[in-house]
Each structure stands twice: as C-alpha cells, then as structure tokens.
C-alpha cells in the first residue's frame, strides 16, 4: 500500500512539478507572480479537447497545434496586458493576472460551461502488475513526459547560449539591455513558455480527470504549494516540492482520510509559510531595519 | 511687512475656506442621510432587495479597502471573512437561538478572529507569499463549511430563521434596509474615524514603506493586527447581514467568484478611498442581478472592468473625485 501510494503520488506530483516549474521560470524571468497560471493549464486542456474531440483531429496534430496556440496566448497576454502596465507597482501586476485568469475562465464557461468534457487516454493498455504496485501505461507517460520536459528546461538554462541570455535578462534586465539583449522580447517568450508548460501538464493529466472551466484554480493552488514547499523561485525546489506534494497528498488520503486529499495543498502552504517561509529546501535573505 | 500681512490674510482665507468646506460637507451628509432614510418610499420590494445588497457590499468594500488600500497588503482572505461572518450569524441563530444583535456581534467577533489569524502570517511574510497564504486560507474555510456538516449542514447550506422584528415596518426588506443602513453607517463612520487617527496614519506608513515606518517608531506588527482585525470585523458583520438578506447560507457564496467581485469593487472604487468603495459597491452590485442569466458573463464583465481600471484609471473613482472635487478629497488616498 505504501509503495502504491508513493508511486501514484509521484505521478500526480510530477504534473504539479511541471506547472510549478512553469510559474517559477516566469517568476525568475519577470519577477511577476502569475495568479492566472492555472488558466494556462485549463486553456491547454480545452485547446486539446476542442481540437481532438470537437474537430476530430488525431492526437499528434491536436497536441502540436494546442501547444502552438498556448505559446501564442502567453505571448499575447504579455504584449497586450502586462507590458502596457510598465513600471506599475506589484499590486497592479498581481491584479492584472487575477483579472485575465477570470477572463479566460469566464470565456471558457460561456462557450463550453455546460458540457462535461473528457479526453481519451493517450495510451491504452492493460494495467501492469508489479506485485504490490499496479500502474497504468498512462502513468508511465505522465512521469516520462513531465521528466523529459523538466530535463529539457534544465539543459536549456544551464548549457545553451539562449538559456544563459534568458538568465542574464532576468537577473539584471538593465545590464542585459545595455549589452544589446532585447529584454522585452525575452519576457514575451517566457510568458509563452510558461503558458506552454501549462498545456504540457494539461496533456499529461487531463485524460485522467475531467476537462472543465474551474480546473485551473485547483492546479494553481497545487503549484503554489509546490513552490512554497520547495522554496519560492527555485527551479529545483519547484520540482522537489511538486513531487513531495503529490506523495504527501496520497499518503494523507490513504492513511488518514480521503477528504484530506483536497486540502493537503492548503495545509502545506499555510504550515510552510508559518514555520519556514523560505521553503523546506530554500534559503532566506533576511533584511532588518 | 507685506509678507506677514499676506501670510495672515492667506491664513484667514484658509480658515474660512476650511470652515466653509466643513459646513458644505455637513450639509451634504445631512442631505444624503435624508435621501437614504426616505429611499424605501420610492422603491418596490425587489428594488429594495438590490439596494440592501448594495449596502452590504459597501460595507465589504470599505472593510477590504482597509487592508488592500490603506495597509497595502495583498490579501485574498476577504471572501473568507465574509463567509465566517455569515456562518457565525446563521449558526448562532439556528443552534443557540441567539437574538439578532448578539448574532451580528458574533459575526463581527468571528470575522475579527479570522482577520487576526491572517494578520499573524502577515507579520512574517508579505507580497505574493501573503496572497498565497490567504488564498489557501479562504479555500480551507470553504472545505470546513462543506465537511464539518454536523455543525454547518454541509455543502447544501441551511436556512436562517427570520427575526420577527424585521417585519415591523411593513415589509421584511424594508426592515432589513433600516437595520443594514444603521449598521453600515455606524461601521463606516467608525472606520473613517479610525483611518484619520494615528492608527490610520500608521497603516499608510506601513503601506508606503514598512522599514521606514518601523524606523520612525511605528509598530508595524500592531498596525497590521489592528488593520486586519478591523477589516475582518467589518466584513464579518457584512457577512452576518448577508445571511439575513438571503435567509440562507451556502458554502458556494464565499468562493473565488465572491473574491473577484470584492476585488473589482475596491479597485474600481479606488484603493484608499472610502467614498470610492461605497460608489464602487453601488455601481457593481446591481450588475450581477442583470448578468446572472448567462454562464460566465459575470466573470467576463468584471475581469474586463478590472483590466480597464488598471489601464486607464489606476486610482479608481476615488482618484477622479479627488482630482475634481477638492472638498471630498480624502487625505490618505493612495498616490
């Protein structure tokens, strides 16, 4: 039972990790906390759903187009809503992300709110029995997909020229601009990438859940919990936090009470921020008067 | 020589000017009060219900503004304070058969406790950390309403007994109106007083620069606890009134949609403006009544309004008023 719960925890946890990673990349690049990130996930799920079920296209085509669309959505959000705010205070940016999250939610509800939508699994097949652990092919796909995406991100940021430029643009925007890097373009691109990670997460998890307009809110809170647990703004922390959150959730549900699954993320956020705000794996920069 | 004469003349002019401003404002307030008292004669039962809703939202908006606009903390716990108040009033009336005034006080007390509970993490964390904490707190409270069903009657909610006293003035909506109006005027008046006192100035000092405020001897911790506690009190009482208004309390009323409405009202009214909050509540509260027939429209309209305000009117209605009508300018309006 323990092994089964832990493995199932890693499966959902890797999706939390992916979404948290998308938020963290955006936060590091633009220092904006995106309260609308859950809606990127939701829009990703709906894009795949509409293309696959509505238009009847095959999965590879639907996925490719949905990913492209979501990248575009992210870029558009930055160009149309975020950039015009200029150097507004933190509160304005936070409010703007809240506003567009409700806008996307409202639009989706307006067009698709009455249907209960489902996506077929990407992989069919018999569940595999490993003695005490039973896994579905879709579970492997989730772990592999999330793992591959995260690995690509790490390699990109650590070992490529463009990745280094992105880091430079986020660490010292003015300095980067002075040496000729087009910082606003990178910010746009990072919004696109963040939205894209939402779509990847949606692709992996939506076939096991339903597709509905309010699915983003839950995911947002889970991603926040993962980031808080791992240390806000740390890429590795987001991944570790996401995996740990998935495991914690499943263990709470399995050993204590199934109704605790829904609130594990809330409890984790509140406990961590009260006891160790820098996160379990994070460091804190103190400032005193 | 001429210099002193000039300055004393200016001084006299200013004193006269201020005195006149005060008289004007007094007259204005008296007129408003008379209009508010006479209002039930002009409206039918349904319109009265909408007006009652506006009074409640005015109170909510002022309470939310204390934390968001004056203390400058991004907290998403407002819907939670509102829900706690509604449940406190409803449940004390159902389980303990408390009379109405005590049940409303219970709402205020519950809201204050929730406010202080949120203020404690606000002493340690700020900005997005606080936003995330309060988001989690709000959702946790909703989980409690649903799962503590032995006390809260679970996901479908419960009916609140209707106090007989509210029917004395001819119609129940009218009785509610005078009760709500009295509560709102007292509570908002007290808030204006609080904001003008040294506590209100401490809130604004924390908003503008927490470290500078601390270095000047402002107790940041005390300012935060008082602001959150008072905000929780106001919004909690508003929740208690809301339970009476609808005669029913359900967990769904206190979720993210409620939070969006509260945010939209405060931002459109203007951060750090009591008058703006009241006007924002009047403007936006009628809207859900008109929009409720279409799924998602409410969210679309409010989010577009919010985006419009952020782009074109960052100071909200309060900012417009401050720029056009000096007599109504509020000293602590957010710059």
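Just so you know, glycine gets a Cβ as well, placed from its N, Cα and C.
According to TrEMBL:
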type	residues	note
TRANSMEM	A:6-27	transmembrane segment
TRANSMEM	A:32-51	transmembrane segment
TRANSMEM	A:57-77	transmembrane segment
TRANSMEM	A:89-112	transmembrane segment
TRANSMEM	A:132-157	transmembrane segment
TRANSMEM	A:178-207	transmembrane segment
TRANSMEM	A:219-243	transmembrane segment
TRANSMEM	A:255-275	transmembrane segment
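Long-range contacts of the transmembrane segment (A:89-112) within the same chain, counting only residues at least 6 positions beyond its ends with a Cβ under 8 Å from a Cβ of the stretch, are 32-39, 42-43, 46, 50, 77, 81-82, 213-214, 216, 220. Beyond its flanks by at least six residues, the transmembrane segment (A:57-77) meets 36, 40, 43-44, 47-48, 51, 100, 122, 188-189, 191-196, 198-200, 203 of its own chain at Cβ-Cβ distances under 8 Å. Under the criterion of 3 or more C-beta pairs below 8 Å, with sequence separation of 6 or more, the transmembrane segment (A:32-51) and the transmembrane segment (A:255-275) do not qualify as touching, having fewer than 3 such pairs. When each of A:6-27, A:178-207, A:255-275 is checked for Cβ pairs under 8 Å to the transmembrane segment (A:219-243), A:6-27 comes out on top. Remote same-chain partners of the transmembrane segment (A:178-207), defined as residues 6 or more beyond its termini with a Cβ less than 8 Å from a stretch Cβ, comprise 12, 14-15, 18-19, 21-23, 25-26, 29-30, 34, 37-38, 40-45, 47-49, 63, 66-67, 69-75, 77-79, 82-83, 119-122, 138, 141-142, 145-146, 149, 165-166, 168-170, 215, 219.
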